[in-house]
Amino acid sequence: MVSLMIIAFLFIYFLLAFYVSYNGWVWLKNTYSFSYKKTYFITMFFVSISFFLSQFIHFQLLTWIGYLWLVIFGYGLLLFPILNLIYYLNKKRGLKWFGYSMVAFYLFVFSYGSYNMWSPVVVSYDIELKKETDIDELKILMVSDIHISETIGNRFINRLINLSNQVEPDIIFLAGDVLDNSIDPYLKHNIGETLAGLTAPMGVYAVLGNHEYYGNDIPIFIREMNEINVTVLVDEVYNFNDLFYIVGRKDYSDLERQEIALLTNDLEKDKPIFLIDHQPREFDEVSAAGVDLMVSGHTHKGQLFPGNLITNAIYENHHGYLLKDELHTIVSSGYGIWGPPFRIGSRSEVIEINISFVE
């Protein structure tokens, strides 16, 4: 059964890849008089399998070709049917201009998408909590989905630290997917030495995301985080000086993770309860468990349009702020990315949360 599904997937994929490649050939040939047909299709075949190859052959150039192909492929499936329809409705006139439009479109996607990815911003939210505590205010920096990899390394982590220094948070929450998959790039490039610069007076607290599970390096990851004074909460509760609670959950994909009600059952509900949970799910259960603020990531806000429309349809809150009964939820589009280093319809960000405690 699994073999048949793989065969069916590959058949459909290569059929669609041929559709995109063939349309690219038609537009290039007629717009730029490109005549190397055999060379073109051989090249496109290897380009179309580059992403799959990069999962087994860890070569950075191959990885980047695979990422670029995913963007070309995805938007080609959206773009070419529209261009073809307009072309035939226009009685097959203006072929060259359609070719120029195609090139201009991809240049826009790559340039604007790259800008959105590599120019992260700070997004601020102000929240009032009717809870008694010995502090009047608390500033949280929440960062999700860093996805440390061969693509996202020390330079981008340094930019994160600069943003954190601008915000000057009291405490930092890392809401999962610190790693992309394997911990190898983290170790290979000594990224821990850089990430150690991400500090706050009240500490840094993290949870596991689904990508930490993919790499099967969770024990090593937790050890590495502990070495740079990052506390990883794995279905655990941290009582910070009797001022507030920090609850960190296993990822939603972990079948053994505890119910939120069990984690908060013995907590003093008159104190603020903050939850870090990688995936923005189970809002009803979280609200009923007495949590005041839940921070999440995971969705990337779709990362590339129309992905944002899909995540908006799947999640009750796929990005930004949502008040669910007495529960404040904040979902970040993430600091890093999975796959192609481009964002259309989303922006790389870190979240500043300014909390005021009122009686």
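Heads up, the Cβ atoms here are built off N, Cα and C, so glycines get one too.
Taken from TrEMBL, the feature transmembrane segment covers 6-28 (among others). Packing against the transmembrane segment (6-28) from elsewhere in the chain are residues 34, 37, 40-41, 44-45, 48, 72-73, 76-77, 80, 83-84, 95, 98-99, 102: each is 6 or more residues past its ends and has a CB under 8 Å from a CB in it.
A Cβ distance under 8 Å defines the sequence-distant neighbours of the transmembrane segment (40-61), meaning residues of its chain 6+ beyond its ends; these are 14, 17, 21, 24-25, 28, 34, 67, 69-70, 73, 150. Annotation comment: TrEMBL describes 40-61 (among others) as transmembrane segment.
If you look up TrEMBL, you'll see 67-90 (among others) marked as transmembrane segment.
TrEMBL lists 97-115 (among others) with the feature transmembrane segment.
Averaged across the domain 'Calcineurin-like phosphoesterase' (138-301), the predicted model reaches a pLDDT of 97. The domain 'Calcineurin-like phosphoesterase' feature in TrEMBL is assigned to 138-301.
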